[in-house]
Each structure stands twice: as structure tokens, then as C-alpha cells.
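Participant: Have a look at the structure that comes next, please.
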Amino acid sequence: MSSLYAAFATICVTVLKEMNTIVDEPYMDEPFHIPQAQAYCRGEFSTWDPKITTPPGLYLLSVILKQLFLVKCNVSMLRLTPMLTLLVLPLALTHLISFHKRERPPASILSPLPEAVVLSAFPIAWFFGFLYYTEVPSLLFVVCTVVAASQQYHWLAALLGLVSCTFRQTNIVWVLYGYAASQVMYLRFRRSAPGQPALQKLHDPPALAAGPGDLLQAIITAPRILLDILPAFVPYTLVLAAFGAFVIWNEGIVLGDKANHIPSLHIPQLYYFVASATFFGWPVLISGRGGAPTLIREVWTRMFGNKWRTLVTIVVCGVMSVTVKLFTIHHPFLLSDNRHYTFYVWRRIYLLHPLVPYLLVPVYIACAWAWFVRTGTDQTLLQTLLLPVFVVPTLLPTPLLEPRYFLIPYVLLRSQVKDVPVWGVALEGLWYTVVDGITMGVFLYLPRSGVGRFMW
């Protein structure tokens, strides 16, 4: 076992112990999840709280752990479920990061990459690894799905993807992403056997050298290779069929509390995600060749490098400003619950002045270009654009600004950055540690009378 992973595991166990000592009663969403899990532990599988909006995967996982380890289903033991998945996360992320780097993972399963351990400390994942929430188990099974697909184990990937959907319904999108990402990589590196005719090619040039015409050509050439990738899609059709049957049976995607979880067209949610990703991922962004100055120059060039780019940037700013005007949602949960950091971000930044949401539009564009430049290094155009395509259907219908919705997209995005030097990983780890320490410290030791404990 690597010393970094051992330290990570030790800290996680210590924090969980402190959490159970100080916050010994269910908190925030736990009063819904914990009684439901306890009902399952008693074998009452027909019992269901109509306020719960997600499937029962978390509770079933706790039942399995109860049977394996003969533990009680009290608050402390139930919180062990997400914490255990947090400990497994670096092992899965090691394979995902290795896939994007096109390297073999370490031979020892208990020696994950330092990058994977650091990414597992990502503040949203790490914080919810100690509360009885679905976030970390959901993330783990999505990562495992993508890893299995990347290794061309598509039946296993479909099974893991189906399991991931029992934690969050929107994971169906990430099941399809896993398939698509595996096929783009497969098409990039496949070769015809000696003496055989040349294989059909998908137009997929290096991302940083590509232009709009290349994207159009990639779309035009896509039909050529459909027959080559369809056999691998067969297992996923069963997952889609099962998901479709669930939606028909449930008369919608959301299980309970449908009145407060109505899908809405929320275009600015995409902007909030790219801004959030930049806030958390700035050490990774500046760690490329040439550091921050080179990144800034590259982003500036892509936004204002010539008259054509400047015109496009101005037009995009105008279109995005219209979407901010028409599709910004002031969700009642966001406006009323002052126990979440997003309440204060919204009140003190977005509502500071009526012009602030529009002044942030160029910032969103710059953030998006920064991530394109970093993820596009030594990647093809389709490899770089694939993730944003799948992010759209997961975030666009969500009316509430909620950092937990950004968890899976961020981890998948960060995993694609393949050339992070040692100092970049160290800086990223230090940044996450500072944020984790502050947020967990505030949650545990600085509750406010009449308000409660602050959390993401």
C-alpha cells in the first residue's frame, strides 16, 4: 500500500469517527435516507418514503454490507457505506486516469496513482463521503462503468452502469458516455491486420489544431464507422430498455417529491459548472507547459486573436447574455436555505448588482477555453468535445444550483487532463486539502445557533 493512500485512508477513518461523535443525529437529507435504509435492513422492502427522489441503490448497498460484516444499521454504521466507497474511489480512478494517459495502471491494486488519491479528495466528493448521501457511491459506480467500457468489457460496463442508475437516475447518461468514450479511443488507435484492406476512418484530428470545419467533417464521416461500433453497443441496449421501463412504470424520472423536482430548461447551469470547475481545478489548469502565462495567452488568442475570433466571441457573449436573461432560475430552495454555501454565492455575487450575471459571461467563456486547451493537449477533437456533449443533458434540466450535480462531470473532466506534472498534482492536493479542512471544520466545529451546520 502506498504511503499516500494509507494516509488518505487514515484521515478518512478519523474524520468519520469525529463526524459520528459530533453529529450523532441524522442531518439535512439524512433524516430521509437513514430511516429508509433502516427499513430495508429490517427486510421491509415495500416501505418507501415518498419524499425520496432517488432509487434505492444506497440502501441496498448498506443491506449487503450489513450481511457481510454483521453490523447494525445505526447512523454510524450507515455512514460507513459512503466512506468505504470513498476509500475504493482512488483504485477506480487510477484505471480511469491511466486510460486517458494510455498507460498501464500500477500492478498493485493497493498502490493507486498519487493523482487518483488527490482527485478522490476533491471537496464535493470528500465531504459527502462522511454523510449518508448517494453522491460517492454513485460516482464510484460511474467511474467503474467508464473504466470497464474503456477496457472493452462492455457487458460488465453495462451491468455496472445499471447498478449506477440505482443510485441516481441521471447516471444513464454516463453509461452512454462510457460507451462513446471507449469507441472514440478504439477508433483512434485501431489498425488493420497485415494484408487486410484499410479500415474506414473517422475524421478526428488533434483538438488544438482543429477548426469548425473539422467538426463538420467528423460528423459527415461518422456513418462510415457505425457498423464497426454497433456490436459493442448491444449490452447497453438492455440498460436503456430497463431504464425506459422504469420511466414508464414511474411516469417520469423522479421517484418522489415530483412537485419540487420538475425539470426546467436551465441553460446558465452549464455556465455555473464551468466556473465551478475552474475554481476547483485552477492548479491543474496552470500546470500545463508554460504555466499560467502560456494558458492565459492561449485563451486570449482563441477569444480575441484576430477579427474573426473577436467577432465570434462578441456574438457568443450576446447569445449567452440572452440565455442568462431568459433562463436564470431563482430556485426557492436556493433562496431560502442559508445552510448551503450556494445561498451566499447567489446572494453576495449573483445578486450583488443586476449587471453581475452579464459581466460574468466573458469569464465563463474564458473558463471553457481554458479547459478545452488543457484537456485538448495530446487528445483528439472528439475526445475533447465528447464530455461536454454528455454534460448538457445531465445539467440542463436541473433547476437548482447544487454543487453535487457537478461532481461526476468534474471528476470525468479532470481525469482527461493527462500531462499534470508532479508539482501540479501537489498543488492540487494542497488546494483540495485547504478547502476540505475549512469546509469540514466549519461543518463540525462552527455551527450557528438558529441556522445549523454549513455544507455544500
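Using the three backbone atoms N, Cα and C, a Cβ is placed for every residue, glycine included.
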Participant: Pick from 2-22, 23-43, 380-400: which range does TrEMBL record as transmembrane segment?
Facilitator: 380-400
Participant: Against the transmembrane segment (269-287), which of these stretches has the most C-beta pairs under 8 Å: 77-97, 308-329, 380-400, 420-446?
Facilitator: 420-446
Participant: Of the stretches 77-97, 153-180, 308-329, which racks up the most C-beta pairs under 8 Å with the transmembrane segment (380-400)?
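Facilitator: Ranked by Cβ pairs under 8 Å, first place goes to 153-180.
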